[in-house]
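Q: Checked TrEMBL, it gives:
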- 77-111: repeat 'PPR' (REPEAT)
- 174-204: repeat 'PPR' (REPEAT)
- 207-241: repeat 'PPR' (REPEAT)
- 308-338: repeat 'PPR' (REPEAT)
- 339-373: repeat 'PPR' (REPEAT)
Amino acid sequence: MTFGKNSAPASERAALSRHRLPHLMSLHPQAGRAAARAAEHGAIAGLAAATSRIASHGRAGDAAAARAVFDAMPRRDAVAWNAMLTAYARAGQPRAALALFAGMGTPDAFSLTAALSAAASLRCPHAGAQLHARLLRLGLRAPLPVGNALVAMYARCARADDAARAFREMRDRNALSWCSLLHAYVASGRMALARELFDEMPAGSISSVAWNTLLTGYSRSGNAEQCLLLFNEMRVSGLSCDDATLCILIDACTELRYPSTGVAVHKIVVQSGWNAIPEVNNSLISFYSKFSLLDHAVKIFESMVSRTVVSWNSLIDAYTRLGHIEQAAALFQSAPETNAISWTSMIGGFARNGCADDALALFVKMLAHEHICR
């Protein structure tokens, strides 16, 4: 068999080139430098190709394949490390991302942000604090993305004081910086500090996210009345509410037993076109059923183009609580999807309405569905 001059495998040709390089340089320095540049260009091209493969595997969610390519690379630059960190993040493997980061040399802003996001996903303040300390040891002043990731990490880990410290260390801040600290205060139940921070926020940083974060805090802390007062402030400010705002308000009206206010919110829902959102309709079904306005709840359910399992559960619960056990059972049987809440709601409904045999029979049937009992 006859081989052409370029028929040797690429790896063999590369090896031959490396062995010939000193000889070429000794014969002719200029030719040697040209050969060195060619070898360097080849190495760079190989690095870029490998990094591209890591990114491709990462987008496909195959972190193992990405890591195999990464480990086989003779050398790696920051882009390759970051591509591998991203692959782990996409695959939902934050521990692996942190382990990889620990073996990295000097990190850049992207890798630090990725590592902090991994610590936040794990809700591991110790790992996050180590990353923070490393940043300080390097003498780096956190750029905006890293500063935001630090504040968000501490907020996710319910470390409001540390989040505030990281926030104060930031040279530059944007809306995300302010909202992350606001979330930290709300998550830790420190509503007075949350309100104080909200009032300090620059006008350009107060988005619907900030309003909704504070509204959620008041609602979850049992201060639903303050929640409604804040909503009035929001409307006066001229900012339009979104579906999340409306769900919070409807839940507050339910808790306060303010039917007239809830009906007014329902009108806003219709006027703003949010009545096509399943989550908003689910809140309205629960609201009307709590006030025994079952006809309104049924009307909303029947008008829904798209229903979730929560929609079905909300109406099943409404029927059982108001004593309409036959309608509840029929709805349960016709539901395209059920979960543990559906079954326990129906079993409890049978029990409360004097149908002990039906409750027991349904309970036994539920035990046969392993995915429900997990």
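Each residue, glycine too, has its Cβ placed from N, Cα and C.
Keep in mind that what you see is a predicted model, and the values were worked out from it rather than measured.
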Q: Give the nonlocal contacts of the repeat 'PPR' (308-338) in its own chain as ranges (CB under 8 Å, at least six residues past its ends).
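A: Cβ under 8 Å, 6 or more out: 278-279, 281-282, 285-286, 288-289, 292, 294, 297-298, 301, 345-346, 348-350, 352-353, 355, 358, 372.
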Q: Run through the repeat 'PPR' (174-204) and tell me, per DSSP, how many residues are helix, strand and coil.
A: 25 helix, 0 strand, 6 coil
Q: Could you give the residue numbers and ranges of same-chain residues that sit at least 6 residues beyond the repeat 'PPR' (207-241) on either side and whose C-beta is under 8 angstroms from one of its C-beta atoms?
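A: For the repeat 'PPR' (207-241), the nonlocal Cβ contacts are 175, 178-179, 182-183, 185-186, 189, 191, 194-195, 198, 201, 248-249, 251-253, 255-256, 258, 261, 268, 272.
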Q: How do the residues of the repeat 'PPR' (77-111) split into helix, strand and coil according to DSSP?
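A: Per-class counts: 25 helix, 0 strand, 10 coil.
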Q: What mean pLDDT does the predicted model reach across the repeat 'PPR' (174-204)?
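A: Value for the repeat 'PPR' (174-204), mean pLDDT as a whole number: 94.
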Q: In the repeat 'PPR' (308-338), how many residues does DSSP call helix, how many strand, and how many coil?
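A: Here the numbers are 23 helix, 0 strand, 8 coil.
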